[in-house]
Amino acid sequence: MNFSGFEFSSIVAFFLLILQLSTAAVLPADYAYGVADEMSALPDSGSLFAEQRPSKRAQTFVRFGKRAQTFVRFGKRGQTFVRFGRSAPFEQ
């Protein structure tokens with residue numbers, strides 16, 4: 001079998017690609033830098049990468065009727081609560 005330089009390099013590149021893909025499928029990513037450890041995999045508590053839960057934010061809107069009231073909306077279904085506003089007239 002006579003191989004030209006281009007054919008031979010193509011065959012070698014193909015086998016190297018197959019070898020690399022099969023090695024990546026066999027070795028998990030955790031072992032790329034040594035043996036994975038449960039505690040060392042977790043970030044430090046003061047780290048920027050520590051898990052932070054998003055704060056529960058409420059959508060605030062104002063409705064203008066007889067008097068302006070500010071409402072706060074929580075949750076997926078949009079439960080509405082009166083946050084600020086007067087339910088009774090001013091005492092004089």
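The backbone N, Cα and C atoms fix where each Cβ goes, glycine too.
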Record-annotated phenylalanine amide (source Swiss-Prot) among candidates Phe61, Phe71, Phe84: Phe84
Residue carrying phenylalanine amide as stated in Swiss-Prot, selected out of Phe74, Phe81: Phe74
